[in-house]
């Protein structure tokens, strides 16, 4: 139990008074040089409908009371629940991935079966059925997103990356967003658009993790109190990290790649304990998906084929490579960097135009746009193969397992489409008339020399690249992993054809170059290296190609970085999500903390404030944190802590802490709230000052803020380098930092040995560990 100070203030506030220097009041100094950065950090984000998260522990009186009342079994129970939730996240994400893949594969199977059956009698009727089928699926997707779950549009990775960076975009983790993401992905991918389901699966895993952490959805009465233990943003951040890794593991059947993706691409805060839970979650996903695959192998999943879950086994392809091949492989890396950077820039321009002029006109325009793109995509994918002449089936090895032509309506190489003879195939239809997963498998396939002509590959590359650029940004769930692999594998196979032709070596496989092309485009667009390298190895089951994948990734990323940032960073900036990069800008090394906040006006609150003054401050300011000022023994102003806007709203709504006296309250009235009362709802909206109604008598009362503020926020001297402040802010996941004048006195000095504490089991007292290190 905490004891009060001389005037009823908890000890933490008293210690803060000793450590902090005088700060001028807002009335006296306005926006003078000795200002605080605490209150202005979130005002920048108001137009983008985003809000910073509170990763810092608010050590107010309610928090300390709760910590003191916990039993010794709390920590084991807490750790056990974390592992249990990691298991549930893995199972939930795996089941969601299974459902999405089964639905997409069966819808695609029905579509191609019906189309191939009808074109035997009439190609026009077949084209009509094919177009209507795609249009119906895309319409269902865009209708769900625009009318039910607007936050489900896009891949969701920029928003989740922002969340793990410390910025919450409203609505991205709601139950309706999860439903919209799942069913919207089925419609958009099954409808044949030039996008994938892998990015949305990452968002799906994050939604599942967040909903489990908050105990379900209160809006739809699907909640349970007994699992509502992870109420802080710190705990939810860890769960969402597990969900992101689970989404990648489910999408690519790449558990290790999922862990590395979460580490490299989305999360900004990492530690070893979290890595173990993320790894466990990804392993659970792999087991669930493998179980589903074994069950579907018995034929119980309808049209679900080998392409349902991505894995392109090319272990039987090229066994070795020579140094002469390194140059064309480096060329593939350069091409990937150039095309990837161009893709990022084009999607940025088109998405900006679409958000500025098109989507502001309402939902009907968004629905019409998606349906129009569906009609164009269906027309291109059906008409272009009609213009291509068929080729005779090549001589295949008897044990290759490849049939030419393959039966209509099934996945595989050598599609017979608009051919006059039975033993002919249409190489352009082999790419267009398959699901994207099966088309990539065809491009990666070994022992299929001369399956594609250069003209067909160039035609497909130009058309699909253009469609991918235009489709990205529509109001449907859209991922860019698989379209990027499609684009890269196409020009990679082109380079492989030239290498086979001019090097004339028997051990060179065109499919190997298709794989390297896919890796190069993803590296040039998304700028991932380690995680992408491991994902490509896992989905191809060929470890021998690891050095080559590393080479093209390094080259493509270097080339792409020369022109612009990665796809997710560009899209996050377009959406107004203020991501903090891993390193500060160079100009920050020549600036100090005082320079960053000199144009800000500090809005402070006195320790005992009138209710009407608090309401006025909340209505006239959009800040989410306010310094609290008290008078010292000599009448000087001293900052005693920071109180959050959300906490003030809780106190105003509860009304139980209002008092008639303008003097500080005593310590005996501080137990009216639990720490959970101040937890921000996971719905991201929370309370609003407009929702709180107070009478005239209540507005005239007073409120003592001392028991509810954070008595020990992070502070920096005004002359500290801004680069150093940046690193502190990002690495600790802070929301506010106080900037104060240079302190005038030192109350102590902490070294390493002061942090090496050992708990005595009998007395529960912390003792210093013996050490021979000099400090």
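Note: Cβ is positioned from N, Cα and C throughout, glycine not excepted.
For reference, TrEMBL has these:
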type	residues	note
TRANSMEM	80-103	transmembrane segment
TRANSMEM	123-145	transmembrane segment
TRANSMEM	239-262	transmembrane segment
TRANSMEM	274-293	transmembrane segment
TRANSMEM	326-347	transmembrane segment
TRANSMEM	457-475	transmembrane segment
DOMAIN	598-658	domain 'CBS'
DOMAIN	709-765	domain 'CBS'
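Between the transmembrane segment (274-293) and the transmembrane segment (80-103), the number of CB pairs under 8 angstroms, six or more residues apart, is three or more, so the stretches are in contact. Residues 85-86, 89-90, 93-94, 96-97, 160, 163-164, 173, 197-198, 201-210, 212-213, 230, 274-275, 277-279, 281-286, 288-290, 309-311, 479, 481, 528, 530-532, 534-535, 538-539 of the same chain, all 6+ positions outside the transmembrane segment (239-262), place their C-beta atoms under 8 angstroms from a C-beta of that stretch. Shown for the domain 'CBS' (598-658): DSSP residue counts in helix, strand and coil, namely 20 helix, 21 strand, 20 coil. Taken through DSSP, the domain 'CBS' (709-765) splits into 15 helix, 11 strand, 31 coil.
With a cut-off of 8 Å between Cβ atoms, the residues of this chain six or more beyond the transmembrane segment (457-475) that come close are 142, 145-146, 150, 153-154, 193-195, 339, 343, 346-347, 350-351, 354-355, 359, 366-367, 369-370, 373, 376-377, 380, 384, 388, 428, 431-432, 483-484, 486-487, 490-491, 493-494, 497.
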